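Colleague: Take a look at this one; I'll ask things after.
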């Protein structure tokens, strides 16, 4: 072969490789996660990274080792085995077919996002006992969470907040292996015996979105948003007297649910370029996985994750929170996650893995009353946390009557959308708007209005600290005010100063935004698991942020009101920490079971919990019910589950996340997972039988009797109907047979019921959700 032939041969090889193997460097590169399972513990850290780089080298061909390492973003070396890297789609496809690779998926920084005092007193009221006998006794028995370490994966922390004082706290637990990572405006002195560790994760974000704009956030664990500070304070903030939101609303003692827990902060969320903080954050999946990997190795006992997304069909193999949580649970770290804020739309609940405790959001018995006085003397109820000074009466107009012609349509008129109100018609007036959003208040201000009255379509009002005098009314009050404007020759109104009212009823009510079931990944796992306070919650805030998180708001606060399942999740995380302290031998599944089976589906007046439209809520909104922490300490029976049980469950989904585990020939149905609730999405042949196992953690000698309420259209039969225990730790199984009645239609509509086991002291309640198609 002559020189010319050699050149042609090499050129042909290059072209072949370019078309079918290695790819053109001009193709767009994105951050992909390559998930390999768990480390065996046999390799050094350098050997792990070299192994990860070998995958990259095999698809990048003649690229130098330096270039290969430059494309590597994260190398997970502690518990989780895998890495993230800048890859083309073709390179990602090639790696996905290699030996040992479980999954390869794009790390989308826009997919996962944050689910963004009095609440603990209200929880005690739902216990049905006095505050002293329930909440304080629980805290004392748990030593206020002393030496339990809660990791918070979020937007960081404002360490100077009084909520994170370490006054009177003992030494950092010897089990702690984490660090206090220094960075911009954050050094080792910002950690203490309360805030024992902090890390930040930026590599995935910067690989996807470019370099961090350091005028908008700190390259450190410091929180510029407020969300992470709020969730951390809700979990474990110290008791701070005379805390309040701006304007003095909700004034009282701010406290976390477990005031003496140790907090470890893992910052994974950053500002979205060219968007305000109010529009959300970007939380890269590969950064989240890195945080899980470190947190588990650091020695946390509980992980509180107020982040998530509506799950996709690839959820179990490509969701960083689901994958990270499975590794955490294997190491007996309990993971609590927010359910999401996409409600009231059905099938929007997120964080649906059965090894995660998924938390919905509901209200407490507190409102912030700010009435409107009309010119005829009528008082109309409104709510706000906006400071308002008493003013004289001003002319009152409806927004739909004072719009600039041509700026609205029939479905947007009266909404006070930006740029729609006429300055000439609005100046010096109070404006009634159909829309309750912040933009409506700002539009009234822009047009020269003196105050805004905003309409709300739900039965609960999510309060906002508006920049200008604004209050929010219910839809029926909106109608009342509109009729007054239409019938009065010179309608007038003024907003009265607001105040905090405690003990309002009924409560709780499900928050209008809380994401609902059924579980779109697998409706045979009922989600959410439970609900907790997440509506108008006061907690610590970042002083680098503002109450509204918009450029126009220059106010600085130490405590702020916030709503979301992001707020309910840390309530549950705190109680998990207390249960961990009292029952250190309980598994994650046992703790979930205790929380779920002792919860309540009734409000403080003994009626069923309702949703924000006034209808009775159901398990797709509240799961098993509203949590009752003191009762969860002594649940009587628990439904336990192991890591192997979760792998068996994944077999029912035709998924393997652990190469060391082989699915059996006969795979149990998904509904057979030993879960504290029961969901059956498709009763084939009109009958389905599943098995459950309970473990006695109550009294040694006890007998439990069965009670059942079958879902409408179905008959539920449970055998045996009596469970007798002679010792603690003893297990008993029972079979549940669900039969569709002949009259039931084959359609995708769920019916709900429940069953309980009771020994006269404990009532162990489980919800049932069934559909025939």
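Cβ coordinates are placed from backbone N, Cα and C, and glycine is handled just like the others.
Just lifted these from TrEMBL, have a look:
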- 154: active site, charge relay system (ACT_SITE)
- 227: active site, charge relay system (ACT_SITE)
- 566: active site, charge relay system (ACT_SITE)
- 31-109: domain 'Inhibitor I9' (DOMAIN)
- 145-625: domain 'Peptidase S8/S53' (DOMAIN)
- 672-770: domain 'Subtilisin-like protease fibronectin type-III' (DOMAIN)
- 1-20: signal peptide (SIGNAL)
Colleague: Can you tell me the CA-to-CA distance separating residue 566 (active site, charge relay system) and residue 227 (active site, charge relay system), as a whole number of Å?
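Modeller: Counting only the Cα atoms, the answer is 8 Å.
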Colleague: Looking only at Cβ atoms, how many others are within 10 Å of the one on residue 227 (active site, charge relay system)?
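Modeller: Its Cβ shell of radius 10 Å holds 30 other Cβ atoms.
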Colleague: CB neighbours of residue 154 (active site, charge relay system) within 10 A?
Modeller: 30
Colleague: Round to the nearest Å and give the CA-to-CA distance linking residue 227 (active site, charge relay system) with residue 154 (active site, charge relay system).
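Modeller: Cα of residue 227 (active site, charge relay system) to Cα of residue 154 (active site, charge relay system) measures 7 Å after rounding.
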Colleague: Which residue counts does DSSP give the domain 'Subtilisin-like protease fibronectin type-III' (672-770) for helix, strand and coil?
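Modeller: Tallied per class, the domain 'Subtilisin-like protease fibronectin type-III' (672-770) gives 4 helix, 57 strand, 38 coil.
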Colleague: DSSP helix, strand and coil counts for the domain 'Inhibitor I9' (31-109)?
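Modeller: DSSP classes over the domain 'Inhibitor I9' (31-109) add up to 31 helix, 25 strand, 23 coil.
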